[in-house]
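A short worksheet on the structure shown next.
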């Protein structure tokens, strides 16, 4: 299996998995044009589309792709039923694509119906988990997003986190504002800054590393707790997550 990233819009990535036979799976195609160009250039045969949630920058290209390749099966959560989904999937179910089983994980927060797809080592997490950050809470609650991130953080260490946006540099600037002396955060920030200066992608990331540099996955970390306690005493990790998310929204 080969993992490919297709840039779209200002900062989206459309992920494509292809096998040796050229069959491919497309994740969150917000725009059809760059996907069609990649299909043509690589001689791929699209077999399926995975949708993580209903936002236009993740579903906008579905109609055109299905018109061009009517054999495509479009998997998605209930909230994408009117966006071209032909196979609604929910938490605990599996999608069998390209000879692999993908587990469906409900991750409400960014939207209420958001889902992720996991087949070791690939995690397609849409706008739930970003490198160094997490999605904004457009529909869900901080508690829901905290629980969603906890689920994803529990996946195997070698999981490849395939996020849908290039937000890593701004996320790491925020992380530094919270934990300015953290060695892992400082090292990763320098690495990301160099990559982005060359206009290079920072994704996918390995989950084991992500747990060290993503403050939203470190709500039980004593260093972070001490920083938060300087401003306010919060007993529960969900409350500390909400504090972080509120800070990030204003950053």
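Positions of Cβ are set from backbone N, Cα and C atoms, glycine also.
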Query = Which one of 19, 82, 91, 127 goes with 57, 58, 165 at the Zn(2+) 2 site, as Swiss-Prot has it?
reply = 127
Inquiry  = For a quick check of packing: other C-beta atoms within 10 Å of the C-beta of residue 110 (Zn(2+) 1 binding site), how many?
reply    = 25
Key: Residues satisfying Cβ distance under 8 Å from residue 58 (Zn(2+) 2 binding site), sequence separation of at least 6   = 12, 28, 29, 30, 51, 52, 126, 127, 164
Query = Which of the three DSSP-derived classes (helix, strand, coil) applies to residue 165 (Zn(2+) 2 binding site)?
reply = strand
